[in-house]
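Have a look at the structure below, then the notes.
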Amino acid sequence: MLLWSYFSVVLTDPGSVPPTWRPSADEERGEADPLNGQEFNSVQKDLAKPRVRYCRKCNQLKPPRCHHCSVCGRCVLKMDHHCVWVVNCVGALNYKYFLLFLFYTFLETSLVTVSLLPHFIAFFGDGEIPGTPGTLATTFLAFVLNLAFALSVLGFLIMHISLVATNTTTIEVKKKTFFFLCCFLMYLKL
């Protein structure tokens with residue numbers, strides 16, 4: 001399951017904006033009237049005050065919660081982040097596989113850690129330890145690395161589960177944090 005979820009998140013398109021996508025209403029201003037073609041032309045010409053979001057790098061309109069990935073060079077729907085471990089963006093269409101990948105990675109590293117625990121305890125015991133010094137060092141190192149990796153992946157898993165529970169993405173949380181940090185710093189200067 002770990003390999004299946006890994007290859008699923010790597011090979012699944014995270015969700016790109018169709019080149020012909022157009023909003024049915026101006027969502028930024030809250031208008032319910034459909035936009036016509038003349039308003040799209042004015043949006044593209046007047047980039048200082050855009051009424052709908054526009055990507056200057058892709059030269060196309062962007063739906064809400066869509067962000068441009070500088071690594072992939074395209075806009076991704078509900079982009080969470082670009083993950084170097086899966087060499088792909090994590091977005092609307094492969095986020096489920098990413099969560100499963102984190103979950104199965106945590107289970108695998110926890111299972112290895114628990115299976116190496118008796119050898120780790122025996123290493124610090126008073127009795128004679130079977131095996132060569134190389135085997136003992138490898139077992140000790142494998143236990144420590146798997147424990148550290150399991151704990152770090154557990155942290156990522158908890159963070160992403162909380163993001164799913166609040167229906168936010170990593171990018172949105174970082175923008176909110178940056179905004180509140182700027183407000184706090186401006187408050188300190190007063």
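From the backbone N, Cα and C atoms, a Cβ is placed for every residue, glycine too.
Bear in mind that TrEMBL entries carry predicted annotations, made automatically and left uncurated.
The structure displayed is predicted, hence computed values, not measured ones.
Among the features that TrEMBL reports, domain 'Palmitoyltransferase DHHC' is placed at 52-175. Among the features that TrEMBL reports, region 'Disordered' is placed at 18-37. Sequence annotations record features per position, and here TrEMBL assigns transmembrane segment to 97-121, 141-166.
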Contact set, same chain, for the transmembrane segment (97-121): CB under 8 Å, 6 or more residues outside the stretch: 1-2, 5-6, 8-9, 12, 80, 83, 86, 90, 139-140, 142-143, 146-147, 149-150, 153-154, 156-157, 160-161, 164
Integer average pLDDT (0 to 100) for the domain 'Palmitoyltransferase DHHC' (52-175): 88
